[in-house]
Structures are given as C-alpha cells and as structure tokens.
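Engineer: The following block contains the structure, expressed as structure tokens.
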Amino acid sequence: MKHSLNALLIFLIITSAWGGSKGPLDQLEKGGETAQSADPQWEQLNNKNLSMPLLPADFHKENTVTNDWIPEGEEDDDYLDLEKIFSEDDDYIDIVDSLSVSPTDSDVSAGNILQLFHGKSRIQRLNILNAKFAFNLYRVLKDQVNTFDNIFIAPVGISTAMGMISLGLKGETHEQVHSILHFKDFVNASSKYEITTIHNLFRKLTHRLFRRNFGYTLRSVNDLYIQKQFPILLDFKTKVREYYFAEAQIADFSDPAFISKTNNHIMKLTKGLIKDALENIDPATQMMILNCIYFKGSWVNKFPVEMTHNHNFRLNEREVVKVSMMQTKGNFLAANDQELDCDILQLEYVGGISMLIVVPHKMSGMKTLEAQLTPRVVERWQKSMTNRTREVLLPKFKLEKNYNLVESLKLMGIRMLFDKNGNMAGISDQRIAIDLFKHQGTITVNEEGTQATTVTTVGFMPLSTQVRFTVDRPFLFLIYEHRTSCLLFMGRVANPSRS
C-alpha cells in the first residue's frame, strides 16, 4: 500500500443577503454538559453497509441544493425530484426517541445535554450539538482576532463539511473528530442512534432546509474536486454522494485555468456575491471539498427605506462612529437576561427563519456574553421572550470574512485531521492530510424585502409611548431555522461601518 503524503484542501464558501432587521432594548420589561457514557463501536461506520438507494440520474430537480447549478454539458433532466425521494422526510424529522437516561434522573446534572434533548426530535438534537460545536469554535476564533473585528461564520456549512470528511476517517482520527463535533454525544444519547444516524440526518437536513416554497431562498452545494489519477476510494465517493449530495469532479490543480473556472462556478452559485474566492492553490493538492451556502430572506416586519438615518454607534467607551440606522415599528419577541446582562430581540423572516440580536447592556459585557453562550442559554432566551409592540433601530451592515480554520480546529482538539499520521484510509489508500480549511462568507443586512412596495406602510407613534430596542453598540446575531433548530449563521458586529 502506498503512503505518499498528499494535501487535502477544504473550501467553505457562504453568502447571505438579508431583507430588514431590528435591535436592543432601551426600555424593555426586565422581566456541564456530559452525555451518558457509552462505548459506541466507531468502526461500525466502516463495517456496516451505509449504502442507501442510489439516486436516479435526474438529481435534485425540485430541490435548490443543485437545481440551479447544473454542470456544463448536463441537462435539467439529469437531476432528480427530491420531493419524491424524501416523501417521508417530515415524519422522520419529527421523530422523538427515548433517551439512554431520563433527564429527571438524580444523576443527571442541571447542565446535562440530555435535558436539552428531552422532547426534541432527532434532527433537533443533532442541531443542538452542531450549535454547541459552533459556539466553541466561535470562542476560539474570537481569541484569534482583534476585539474590534467583526466575525461571521456558517455553522451548518462547517458541520456539514466535517460530517462529509468523517465518512473517510478511521480509528483515533475518526473518534477525535466525532468527539469534538459532539457526534459521539449524539450516539450515546439513545440506544436507537448509531453513526449512520448522523449521516442520514445530514441528508434529511439538506432536504428540509433547501427545499423550495418556504418564502426564503436558501441554497447549498457541495463539490468534491479530485486531482487527476488520484486513487480516491469508490466507496467514499459513493457515500459522499448519497449522504451529502457531493459530486466528485476531476480537476487539475496545476492548471491555472482551474482557479478562474472555479471562481466563475462559485460566483454563479452565490449569485455574484462572492467573487475571486480562489486566489491561488497549491499544485500538489489532491482533493478539495467545497461547500457553498446562499441565503436571502425577507423580513416579516420590514424597514421603510425612508426611515433610515445616520445614528451614533458606540464602538467602545471612547469611540463613536456614524452608521446608517434602520428603523421600524411592529410586534416583536424580546427578552432580558439579567444573569448575562443583555437584551435579546427576535427578528422573523418569512418562512420560519429568524435572527436573534443579542446586545450587552455594558460595553464590557461582550466578553462575558461570548464566554457564556451555549445552546441552553439560547433556549432560555427563546422561552422567556414576550411579544409586544416595539420600535426597533438596527444598523445596516455587510460582513465579508475569510478564515483558514485549521489552527482553530487544532486548538479545539482536532489535530490528527491535519497531521501526516492521521488515518484517512477510508478516503484513499495513500496517506493524505488537510492543510487548508477555508471558510469564506458574506452577509448583508438592510431594509430590503421581497415586496418592497409594502415597506412604506409602517406607521410610527411618538417615541415616548413605545418600548424601544436600539442597537447602538457591538452585538451578536444568530440565525436559526426553527423547525429543525438549525443554527445557520452567527457572528459579531463590532463595527457596522466596516466589513
């Protein structure tokens, strides 16, 4: 068996366009997660038959995952109707399984993840753990950037890419990834769960999130580029296609035309919002995994363009910048967290997606908030929210971020994936290692909605008669799809005047 070391390159490209949003409370009514220890047979992923029914040639006709991005030379009828393939999906998503330990048992601590799992469906449980991983990754990232830097990541894309990679991992490398991603916690939570359940749920999640006719546009595509003559295992290519809808494509990374061709492809996927994503690539690269996400949503309560005005935004105790502040009035859910000393506002998009805006009361409160952010905290916010008429002021912002996540993932404990001694024998019989995990994304938050003609109909009462939520200092934002509890995007806006 050959063991020459090759490079594995991962690109995660995300882009989001948002129509309308809202901000903090100037006057608002103040109103140890450990899974049950089990010893799952991690090698079952490799020993069990993961095969699912092979997808017909007409791949993704009614699903936005690949529908709009047909490879050159292929026709529409080469894609399939996922509505027919996944006709059972919604029932599967809503299944609530029994837990290994009752969340009311005395030996289960108050912070145990099983308490969060209680009453949740399979896919919600997986997404709770995806969010837990995302919050931990965010904490590592924010320690690597300046306090005044903006941050933007797409947790669903990162977890999907890692799940896809894990299909080809073996031994300690596989267990390390599954432990840090909390997939191991998921498997231990119920006797009905095994490793194959995780990949099945990612498959189902793709169908749920990227299906049409939800009132928003959410698109994703996974591409697997393989260097010519690289001996990638057929079993890995098959599993990646079946579970993650990633198509293996032949590539010549030493060809300068590859960069321009891929950039054009990405630009098409993201509707022109991400350009020149690839600037250079190591000719020695053997495999590149590309995950792209595009989102555009319309606010339920829109912001009249004529109400946008210049407003002070406090960067810190001493510095202030002028920003374009949007303004609207309507019924909004909001909460006050006295423990973390912050206000939370929920801004709804059409179709079951919403953005949580989290604003510390004190300028120094961001560090505490970032350190304490967990799925349990978010659930506490959501359960304590009250609905009433509020005036909302939120700055327009656009974030463009580009990260190499290798060092961040290493700091989290995922080291063997990037080491020459890592075991990726399920991908190739040659020794390979990942030397780049690129995560790039863009988000734009403004007044726009799908029905711009209606945005001028919002009326305003005198400010003194309303509860006002003004976002005029650094804040966090979290974007969730509610039925699946999926954390799509999250970030920090420290300075709206900068990208």
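Cβ coordinates come from backbone N, Cα and C, glycine included.
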Engineer: Which stretch, out of 68-79, 104-115, 164-175, 464-475, is listed as region 'Chemotactic activity' by Swiss-Prot?
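Structural biologist: Residues 68-79 are the ones Swiss-Prot records as region 'Chemotactic activity'.
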Engineer: From the list S37, S260, pick out the residue that Swiss-Prot labels phosphoserine.
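Structural biologist: Of the listed residues, Swiss-Prot records phosphoserine for S37.
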Engineer: Looking at 45-65, 192-212, 297-317, 423-443, which stretch does Swiss-Prot describe as region 'Glycosaminoglycan-binding site'?
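Structural biologist: Spelled out, Swiss-Prot records region 'Glycosaminoglycan-binding site' over residues 192-212, not the other listed ranges.
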Engineer: Name the residue among Y92, Y403 that Swiss-Prot annotates as sulfotyrosine.
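Structural biologist: Record lookup, Swiss-Prot, feature sulfotyrosine, residue Y92.
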Engineer: What's the most sparsely packed of the glycosylation sites N188, N387, counting other C-beta atoms within 10 A?
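Structural biologist: Among the glycosylation sites N188, N387, the lowest count of other Cβ atoms within 10 Å belongs to N387.
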Engineer: Could you state the whole-number distance in Å separating the C-alpha atoms of N387 (N-linked glycosylation site) and N188 (N-linked glycosylation site)?
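Structural biologist: Approximately 37 Å lies between the Cα of N387 (N-linked glycosylation site) and that of N188 (N-linked glycosylation site).
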Engineer: Specify the secondary structure state of N387 (N-linked glycosylation site) as given by DSSP, simplified to three classes.
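Structural biologist: Once the DSSP labels are grouped into three classes, N387 (N-linked glycosylation site) ends up as strand.
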